[in-house]
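K.L.:
The structure that follows is given in the form of structure tokens.
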Amino acid sequence: MQDARAFYPNDSINVAQIPGLNTLDISLVRIDYAPYGGLNPPHTHPRATEILVVLEGTLYVGFVTSNTDNRLITKVLNPGDVFAFPVGLIHFQFNIGNTKAVAFAGFSSQNPGVITIANAVFGSNPPINPDVLTKAFQLDKNIVTYLQSKFWWDNN
């Protein structure tokens, strides 16, 4: 399998790069996905709705509705397709094609923020007590400590 990374290579435009965006409630990012398996892992934007438009490739995208329903909403996107991720909901994008994929995402905030779920839960500093995660995820404690030992920053 090829390198399964989704990149945010300094192609994001937000208030940090362009101070003039302050108070305009917009930002933009280009996302490049490696062929089959390129992933933007489950994450959330606590301060923005995201709208994604695919320029190249084929992406399987989705989000999970909030408690108690936790319903998964998905779609396969091709060039020209658009999909919206509601503010604060966990969502992902996965390249299911054999070629690279390229998309642009627009946000309804000049500073949307991002929380990558696995990084936050298993890579927190200091670590969350393994007993908490063992109970929350109904996993063996050895699995939790193994996951916490992984490098969780650039793991996609």
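Using N, Cα and C of the backbone, Cβ positions are placed for all residues, glycine too.
Below, the features straight out of TrEMBL:
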BINDING   Asn40, His45, Glu50  oxalate binding site
BINDING   His43, His45, Glu50, His91  Mn(2+) binding site
DOMAIN    5-145  domain 'Cupin type-1'
K.L.:
Can you give the mean pLDDT for the domain 'Cupin type-1' (5-145), rounded to a whole number?
P.N.:
92
K.L.:
How many helix, strand and coil residues does the domain 'Cupin type-1' (5-145) contain under DSSP?
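P.N.:
Residue counts for the domain 'Cupin type-1' (5-145) by secondary structure: 22 helix, 53 strand, 66 coil.
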K.L.:
Taking the Cα atoms as reference points, how far is Glu50 (oxalate binding site) from His91 (Mn(2+) binding site) in Å?
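P.N.:
Computed Cα spacing between Glu50 (oxalate binding site) and His91 (Mn(2+) binding site) is 10 Å.
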K.L.:
If one measures from the C-alpha of Asn40 (oxalate binding site) to the C-alpha of His91 (Mn(2+) binding site), what distance in angstrom results, rounded to a whole number?
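P.N.:
For Asn40 (oxalate binding site) versus His91 (Mn(2+) binding site), the Cα atoms are 9 Å apart.
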K.L.:
Within 10 Å of the Cβ of His91 (Mn(2+) binding site), how many other Cβ atoms are there?
P.N.:
22
K.L.:
Of His43, His45, the binding-site residues given in the record, which has the fewest other CB atoms within 10 A of its CB?
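P.N.:
Sparsest of the binding-site residues His43, His45 by Cβ contacts within 10 Å: His43.
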K.L.:
In the same chain, which residues outside the set Asn40, His45, Glu50 have their CB within 8 A of the centroid of the CB atoms that define the oxalate site?
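P.N.:
Going along the sequence, the neighbours appear as His43, Thr44, Ala48, Leu52, Phe85, His91, Gln93, Ala105, Phe107, Pro112, Val114.
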K.L.:
Including all protein chains shown, what's the count of other C-beta atoms within 10 A of the C-beta of Glu50 (oxalate binding site)?
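P.N.:
Step by step: centre on the Cβ of Glu50 (oxalate binding site), count other Cβ atoms within 10 Å, giving 25.
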